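Colleague: Take this structure, written in structure tokens, and hold onto it; I'll ask about it next.
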Amino acid sequence: MRVAVIGLGAMGLPMARRLQGAGHAVAGWDLSPDRRDAAQGLALAEDAARGAEAVLLSLPHDTAVLAAAEAVLAAGPAPGAVVVDCSTVSPETPRRLAPRFAEAGLAWVDAPVSGGPAGAAAGTLTVMAGGSPGVLDRARPVLEAIASKIVHVGGPGAGAVAKIVNNLLVATHLLAAAEALRLGRRAGVEADALLAAVNGGSGRSAATEVNFPRWILSGSFDSGFTAGLMRKDLRLAAALADATGGAGPLSELVFRAWADSPVPEAADFNHVAETVWRDG
Ligand code: NAD
């Protein structure tokens, strides 16, 4: 297939490489000259979507996705082409764009992903997809190159809702683990020993099984996911809660803790848990 990848950041570039590796003819574009330089070996064009049979978006927020959607329509993909939006955005965005693209004889799938840059490079992402079954089938050749699990959550926007729910859980579990491990340390047991215990017990989560050992205790902080992106996802969760009867008190605390953390936007998101764990 001729595939365009718009947004060649931490996620988009390894996904583009996977698509190339699967035998697709890939063209890409990113607004940032630095990211275009990083994309050696990829055909680069501002109108990469022209004539493409599939367009994958991996963009930082709703505004970028809405702008890219206009650029895709202007470029003119192949008749019947599918847009696969892997960005984490509000469900309003695919709900607005799916009918608009259908009118143009094109398809739009919200297909946010979980698994980070390492999962993108290995092709082991989980995709949370929203769209009609027929539209999802058109996206499958693209999704199968980047993901080992494709969950069809529901109609347009359902994938976006699932991803927001997923990341609200990630943000909550990380802070819960940080506070609990701080309690253990203050009571005289270090994090390594605590993790060995809880990871063999029922208190475990991705925060205790992955984040703390791989990125926090090792000191690597190289997950490839920034505090700024997590704060964006939590703003999406707060907006979704406002539109649907409100967030619970625990979620409100989580929103505030991430927003008020002194960790800079560009820093690895695990630093937010680290600062809580170290001194609170
Ligand atoms: P990133 O900031 O590394 O990459 C986004 C890229 O989009 C940047 O290089 C930017 O220059 C480019 N861009 C912005 N507007 C553009 C436009 N209109 N046209 C072309 N390029 C444009 O972000 P990322 O970490 O790759 O994340 C991308 C999306 O995937 C986000 O929505 C994020 O929440 C989500 N996500 C990230 C991870 C992760 O671990 N990094 C995991 C799952 C989901």
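Every residue gets a Cβ built from N, Cα and C, even glycine.
Sharing the feature lines straight out of TrEMBL:
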DOMAIN    2-154  domain '6-phosphogluconate dehydrogenase NADP-binding'
DOMAIN    157-259  domain '3-hydroxyisobutyrate dehydrogenase-like NAD-binding'
Colleague: Within the domain '3-hydroxyisobutyrate dehydrogenase-like NAD-binding' (157-259), what mean pLDDT does the predicted structure show?
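Modeller: So the average pLDDT across the domain '3-hydroxyisobutyrate dehydrogenase-like NAD-binding' (157-259) works out to 98.
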Colleague: What are the DSSP helix, strand and coil residue counts for the domain '3-hydroxyisobutyrate dehydrogenase-like NAD-binding' (157-259)?
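Modeller: Computed counts for the domain '3-hydroxyisobutyrate dehydrogenase-like NAD-binding' (157-259) are 77 helix, 1 strand, 25 coil.
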